[in-house]
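Here the structure is laid out as C-alpha cells; the discussion comes afterwards.
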Amino acid sequence: MTESYLKDKDFIKIQRLNSPRNAEKRKSLIQTDIDIDKLTSQLANHSTSNVQSSSSSRSQSNTSTTTTSKRNGLNTTDGNETTSDEKLDEKLLVNHAQFVKSRYKVRYRNDRVISYFDDVDFEYRPSILDGSINEPFRMSFEGPTLEKVIKIKEKAKRSQLRRERFPQVASKDDLDTNSNNNSSSDEVIEIDGAINDKGYMHEQLVSNFSGLYVALWMTIGLGVLRVLVDNFIDDNSSLMNGEIVKFLRKDLFKVGFVDLCMYLCMYIPFFIHWLAKKNILRWNSIGWKIVSVYEFSFLIGFIYLPEHVLNFHWIAKIFLFLHSLVILMKMHSFAFYNGYLWSIKEELDYSRNALTKIEKEPPIEIDDVKSKEVNEIFQKSYDFCTFELNSQTPDESQKFPKNINLWNFFEFTMFPTIVYQIEYPRTTTIRWSYVLEKICAIFGTIFIMVLNAQLFMYPIAERALLIRDSEWTGIIDRLSHWVRLLIDMIPSFIVMYLLVFYLIWDSILNCIAELSRFGDRYFYGDWWNCVTWDEFSRIWNIPVHKFLLRHVYHSSISAFNFNKAQATLFTFFLSSVIHELSMYVIFKRLRLYIFFFQMLQLPLVAIGNTPQMRKKTILGNVIFWIGICTGPSVLCTLYLTI
C-alpha cells in the first residue's frame, strides 16, 4: 500500500511542489506553476469522490477495497496483495527522506507555520497626515510650549547647582524641586555632559509646528483668492469659461456611464469562482485561463473604446484608464487569491483521502520506517493546508469557499485597497464630520488644480504645441525654446504633483476608507524624506506596492523561476510599460520617454545604495527632490514638443 503511494504520480507531484528548489516560490499566488496545475488538475477529478470514499470507507468490508482506484490516482489494491512492478526503489526512498526535511523548511520556520500570505498585512493605522498633524492639532494644540519647557529645565538646573555647590543656602523649594523633578534634573546633568567641540549643546528642543500648518493653508487660500481676483479684473473672464472646465464638463454623463460599465465588468471573475464553488467548472483547469484572457481583453477594450469609439477628451480618457487599472488589479487579486485557495483545498482533499486509505489498509511487506515516512508526508500536507484555509479568517461563515459570495465581493470593491483578502481591520463607526472634512478637501483641491492648470499650465502647453508644429529652425533654436518651456513649467508642475498626491492618497482614499469603515489608512509613507529611489517606489503608493509585491514580484519568481534581481527588473519593466501606456492615452504619442525614465531608476537605486551615498542622507534627499521637481516637467515638455 505505502509502496504504491511512493510511486503514485500525484504523490510525487506533491513532493516536487515542496522540494528545496521550490523554496523561493513560497510567497507566490500565481496559478500557472506547472507543478501546481498538473497536480490540481488531476486531483479535482477525484477529490469529491475521495472525500465520499473517506467518509464511507470505515463502513465498507475489506472486499470492497480490492478494486483498483486508478481514477483516484492512488492505485490501491487489496491489502494482501502487492503488484510485482511496485518494488521499493532505494533512490526514491532517499528522495522522500529529503522531501520530509525540505517540506519543513518550506512551510515551517523555527517551528512556526509560514503562510503564503505573509507578504502583505493590514492593521489599524491612520494616515500620516492624520496621525502626525491633523489629529494632534485638533486634540492637543496648546499654543507655544517651548518656553515653558526651557524655564522648567533652567529652574531644575539652578536648583541642582544650589544643592551640590551651596547646600547650606539651599532653600526648601530647592529640596522640593529635587524630590519632585528628579527626571528633569537627570536630563540637565546628561545635557551638561554632552557638549561638542564647538561648545554647542546636543540638547534637542522639540517644538510644535501646528501654527505653520495653519499659515500654510492660509497662504494657499489667499493665493487662490488673489489669482481669481486678478483673473476676473485684468482679463475680464471667469474660470468657468476656461478650457479645462469645458473639458471637465464635456461628456460628463457618458464618462460616468462608461465608468459604471467598467465597475460591473469587475464581477466576471467573481462569477467564474462562483461557478467553481458550484462545481460547474474548475479553476485550475479552465477558470484561470478564462480570467487571464478576460483581464487582457478588459484592459485593451477600455483603452480602445474611449479613444476610437467615443472620442473622449484627454482628461476623460486618462481618468477612465487609471480607474480601469484599479479595477483590473482588484479583479486579478480576487481571482488568484481564491484560485490559490482552490489548489490548497484540492491538496487537502487528496491528503485527507490518502491518510484515510493508509489507516484502513496497513502496508504489507514494507518496513515501519518507510510506512511512517509516507504517513508523515501526507500528515504534514494535511496540517499545512488546514492551517492555510483556516487562518484566513476566524469567522466560520466566511471561511473559504464560503467567502465567495456577493456581499463579500461587493465590500471588497468598495474598500480602498487592490489586494484581496477575506477580512480586513474595520472601524466600528463612521465619523461623518471627518467625511465632510474630506469631501471639502476633495472639491477644494480639485478647484485649486483646475485653477493651476487653466492659468499656469495650459498656456505653456499651447506654446509647446505651437513650437512643435512650427517650421524647423535648427537644433539650437529648438533647444532654447525647449529649455524656456521647461523652466516655465516646473513651478506649476510641482504644485500640481503635490495637489494630485493630496487629492488621491489623502483626501479620496481616506474618505472612502471612512465611509466603508476600512481600518488600515496607511496609503502612503513619508516619501518626502526618501534618500533613494527604491524607498520612493515602495512607500509613495502603498496600495499599488502591495499589489506589485504579491502579484508581480513574487509571482514572477514562481512562474518564470526568476531570482530576486530578475523579479525586481520585471516589476520595474511592467510598471514602466503601464506608465508609458498612460502617456499614450494622454498625448497619443508612443515615445518611450517615461519608460526610459522609469527604468533609469534601477541604476540610480544601485548608486544610492553604495556605501558612499548611503551615509550622505541629506545629499540623497536633495537629489531625490531635484528629480521630483524636474522629472514631470521634463517628461511633459518632451511629449509635447518632440
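Note: Cβ is positioned from N, Cα and C throughout, glycine not excepted.
Under the heading region 'Disordered', TrEMBL lists 45-86, 161-185. Per TrEMBL, compositional bias 'Low complexity' is recorded for 47-69. Marked as compositional bias 'Polar residues' by TrEMBL: 70-82. For 161-175, the entry in TrEMBL reads compositional bias 'Basic and acidic residues'. Taken from TrEMBL, the feature transmembrane segment covers 211-233, 253-274, 286-305, 439-461, 481-505, 567-586, 622-640. Feature annotation from TrEMBL assigns active site to His579.
Beyond the transmembrane segment (622-640), the same-chain residues lying 6 or more positions past its ends with a Cβ under 8 Å from any Cβ of the stretch are 461, 464-465, 468, 482, 485-486, 489-490, 493-494, 496-497, 530-533, 536, 583, 586-587, 589, 591, 593-594, 597, 608. With a cut-off of 8 Å between Cβ atoms, the residues of this chain six or more beyond the transmembrane segment (253-274) that come close are 281, 283, 287, 290-291, 294, 298, 302, 305-306, 310, 312, 316, 319-320, 323-324, 327, 330-332, 334-335, 338-339, 401, 404, 406, 409, 413. Among the stretches 286-305, 439-461, 567-586, the one making the largest number of Cβ pairs under 8 Å with the transmembrane segment (211-233) is 439-461. Remote same-chain partners of the transmembrane segment (567-586), defined as residues 6 or more beyond its termini with a Cβ less than 8 Å from a stretch Cβ, comprise 303, 307, 314, 317-318, 321-322, 325, 537, 548, 552-554, 556-557, 560, 592-595, 598-599, 601-602, 635, 639. Proximity of the residue listed as 'active site' to non-local residues of its own chain (separation of 6 or more, Cβ distance below 8 Å) is seen for Ile594, Phe595, Gln598, given in sequence order.
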